[in-house]
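Before any comments, here is the structure.
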């Protein structure tokens with residue numbers, strides 16, 4: 001096959017009547033889509049990734065973008081994607097690397113779940129007038145409380161409580177490492193969680209000193225590569241998360257390519273400059289649930305039992321049984337990351353075909369933990385493809401205590417979900433370490449955008465709760481009576497423990 | 001001054017609390033007697049202190065540790081020196097699997113044998129350079145995914161070539177020295193044999209001498225012997241694995 005034998009994915013056009021040849025599109029496109037030809041700007045459509053940076057920056061709205069301008073012969077089995085993947089692999093003989101979340105057109109379960117609202121028989125609650133309790137505590141809850149009475153008649157709590165994280169909203173930001181995203185992007189997220197009273201994950205990339213002022217809102221991560229992990233790092237975090245798996249690529253590790261390991265990334269990860277940062281598939285000190293318990297306890301022991309320890313798994317077929325094991329490992333929260341979870345880079349075959357939907361996984365995990373009488377022992381955090389406040393509300397009604405967002409927070413900072421994160425050239429300054437690109441992201445401004453998003457969703461969750469006559473998030477958690485399934489099959493309704501619409 | 005702690009019947013949490021309190025009180029040597037299976041001894045411990053552990057500790061001794069010297073008079077369970085940052089761990093006996101797992105600084109000396117996955121994913125950065133010195137044998141997957149540091153396997157008493165499989169699979173940094181010959185069939189993906197000359201011999205000399213100092217043996221024959229040096233074929237073992245979507 002010769003170059004050009006595969007049609008362009010996008011066609012970029014310049015409206016000559018509108019273009020004033022200012023050259024901003026050339027400056028802004030790191031992929032080289034625009035260039036001067038004489039005194040005219042021309043577009044090389046083949047380089048375009050549909051990141052929209054040029055469109056956002058063009059002062060005259062002169063740039064047009066069309067997806068798939070060249071038709072293939074249509075075929076229901078041999079889709080364009082199937083054919084182009086074969087062209088690619090026939091040429092290279094390699095594993096196809098892709099970015100962002102699952103790109104298969106599979107139906108969303110969230111979209112087939114409908115929320116409830118009060119009419120007549122029980123009044124809805126007006127969140128503007130009545131207090132709505134969205135504060136969420138993540139960590140172990142005691143089965144029962146013991147009290148004693150002092151001589152003076154005061155009541156004292158005898159039960160020893162374990163440390164919990166206090167969230168002002170059930171929306172947290174998941175783990176995106178320094179390396180996968182830029183320092184400016186991490187700073188914006190850190191300021192946003194500080195402002196909104198919630199938490200974010202550092203990912204497996206250590207903690208840059210510029211994030212230290214926000215450390216009481218950061219959940220540090222211990223993954224199989226142990227990058228950046230040391231006693232100081234563990235002490236700084238508000239909580240510690242052991243990453244076993246990730247929804248975008250369950251069962252495999254991660255390779256941060258050497259090109260992305262710049263001086264600062266090398267420093268926080270504690271690895272040599274330009275070396276691949278390889279996280280193996282398993283933790284090599286965890287080959288069983290007993291070994292996991294040992295790692296949980298080693299982290300608690302190292303930090304003198306002052307910090308909650310989370311365990312994150314990808315939503316896989318037997319996630320419920322795995323979560324039940326995690327509940328007995330001493331962990332304080334289990335994070336279940338669904339198959340739509342995003343990533344900077346994952347083999348396409350994993351991103352698109354491995355794992356199960358978060359809706360089914362979180363419901364199964366919640367049910368299993370309740371069946372076994374250990375739901376109070378562990379909090380459940382759902383993540384992977386949460387797109388709006390309705391998804392948040394539905395995930396909680398299916399049994400989650402809180403949720404993590406990832407892609408949504410990046411979109412709030414400008415990300416257009418072009419899916420080229422693994423190339424390290426993110427024109428929005430998010431998934432890149434190139435200084436000129438990173439400088440495009442203003443942490444102050446983007447912190448406001450991310451905080452706005454969290455605040456808006458929180459407001460919507462409280463409105464949805466009020467409409468359903470619920471005034472505390474605790475009453476929504478696992479409350480499947482507030483959900484009805486629409487166009488879901490009987491088997492799925494059973495897994496979700498949800499009645500069909502009309503029932 | 002020497003502080004004594006009796007670990008008989010003591011859970012690891014109160015034991016470590018006593019150790020931390022002693023370090024905070026300025027003790028420079030702590031002797032823990034009757035250790036029997038307590039895990040996480042010196043877990044996350046920071047300071048310039050010597051811990052003498054008499055007995056058989058449980059897993060993860062010296063995990064996340066930065067600075068102390070821990071001397072174990074007995075065998076150690078799995079993963080001693082796990083993710084350790086700095087300090088010394090000297091084991092008068094054998095140790096289990098995953099010794100020095102993800103270790104990023106300091107030194108681990110094991111007098112006798114270690115189990116599987118020794119030195120797995122050890123890594124170096126700037127001044128931090130981890131060393132694992134083993135007097136006896138190591139099992140399969142030694143130095144797997146190794147990203148930096150030095151492993152020295154002395155195989156005292158062994159004459160046959162080293163023949164455990166999966167040696168240094170996925171290695172992308174650091175070096176492994178094995179006394180004597182290494183069967184070519186052991187070398188896993190990404191691992192290659194490299195030359196062993198005067199410079200390398202001088203490099204491992206202090207490690208051999210320190211090993212012999214700790215365990216009271218004669219360094220001369222070990223210094224005179226030949227070693228097989230194993231390193232990474234590339235710092236980017238997976239650079240050619242992927243294509244873009």
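Here the Cβ of each residue, glycine as well, is placed from N, Cα and C on the backbone.
Note that the structure is a prediction, hence the values are computed from the model and not measured.
These come from TrEMBL:
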DOMAIN    A:10-39  domain '4Fe-4S ferredoxin-type'
BINDING   A:19, A:22, A:25, A:58  [4Fe-4S] cluster 1 binding site
BINDING   A:29, A:48, A:51, A:54  [4Fe-4S] cluster 2 binding site
DOMAIN    A:40-68  domain '4Fe-4S ferredoxin-type'
Count of other CB atoms lying within 10 Å of the CB belonging to residue A:51 ([4Fe-4S] cluster 2 binding site):
25
For residue A:48 ([4Fe-4S] cluster 2 binding site), which residues in the same chain are close in space, meaning a Cβ under 8 Å from its Cβ, but six or more apart along the sequence?
A:8, A:9, A:10, A:12, A:31, A:33, A:65
So what sits near residue A:19 ([4Fe-4S] cluster 1 binding site) in its own chain, CB-to-CB under 8 Å and at least six residues off in sequence?
A:41, A:60, A:62
From the DSSP assignment alone, can you count helix, strand and coil residues within the domain '4Fe-4S ferredoxin-type' (A:40-68)?
8 helix, 9 strand, 12 coil
Residue counts (helix, strand, coil, in that order) that DSSP gives for the domain '4Fe-4S ferredoxin-type' (A:10-39):
5 helix, 9 strand, 16 coil
Residue A:54 ([4Fe-4S] cluster 2 binding site), number of other Cβ atoms within 10 Å:
24
Sorted by sequence, non-A:29, A:48, A:51, A:54 residues with Cβ within 8 Å of centre, [4Fe-4S] cluster 2:
A:12, A:25, A:28, A:31, A:33, A:34, A:47, A:49, A:50, A:52, A:53, A:55, A:427
What other residues of this chain sit with their CB within 8 A of the center of the CB atoms of A:19, A:22, A:25, A:58, the recorded [4Fe-4S] cluster 1 site?
A:14, A:20, A:21, A:23, A:24, A:41, A:54, A:57, A:59, A:60, A:62, A:63
Mean of pLDDT values spanning the domain '4Fe-4S ferredoxin-type' (A:10-39):
97
When you measure from the Cβ of residue A:25 ([4Fe-4S] cluster 1 binding site), which residues in the chain that are at least 6 apart have a Cβ under 8 Å away?
A:33, A:34, A:41, A:54, A:57, A:58, A:63
